[in-house]
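According to TrEMBL, the protein carries these features:
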BINDING   112, 115  Na(+) binding site
TRANSMEM  40-61  transmembrane segment
TRANSMEM  67-89  transmembrane segment
TRANSMEM  101-121  transmembrane segment
TRANSMEM  133-159  transmembrane segment
């Protein structure tokens, strides 16, 4: 039998699905995170608040012209804030306790209710149906590209904020 190589911790360096919990004790089972009442309540509350916030943006930025600016703004802003939130939470430790609650309430709930893929799709289709082909293409592609860039910026801001806090904490010791 061939000797096995010593185990490295490379498997531990891979991202984990935070919604799956490994139960070590035999006979003990946990409901999946998405079926737990507390998780559902957090997502519901966050979703309701996010939807209300999206409506507020829609009222503040009424449609003018061909481009649905309110939907563009909420989707790009939501992408930025979600990138920032998830990076900040990930750098502070495992997805458990208050960090998990924040992810469910703010990330899944609020940002899920705030952003809207369905309105983005309907608005893109409406632009096409009314003969605004160039506007529809620029709106659709622009929203996706600017949203991706906003997510990346949010991640960078979250990482920079964490490094800044670490530097301040080390300097105060």
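Just so you know, glycine gets a Cβ as well, placed from its N, Cα and C.
Nobody curates TrEMBL annotations by hand; they come from automatic prediction.
Long-range C-beta contacts of residue 115 (Na(+) binding site), restricted to its own chain and to partners at least six residues apart, with a cutoff below 8 Å, comprise 50, 54, 74, 75, 78, 79, 82.
For residue 112 (Na(+) binding site), applying a Cβ distance below 8 Å and a minimum sequence separation of six or more within one chain yields 43, 46, 47, 50.
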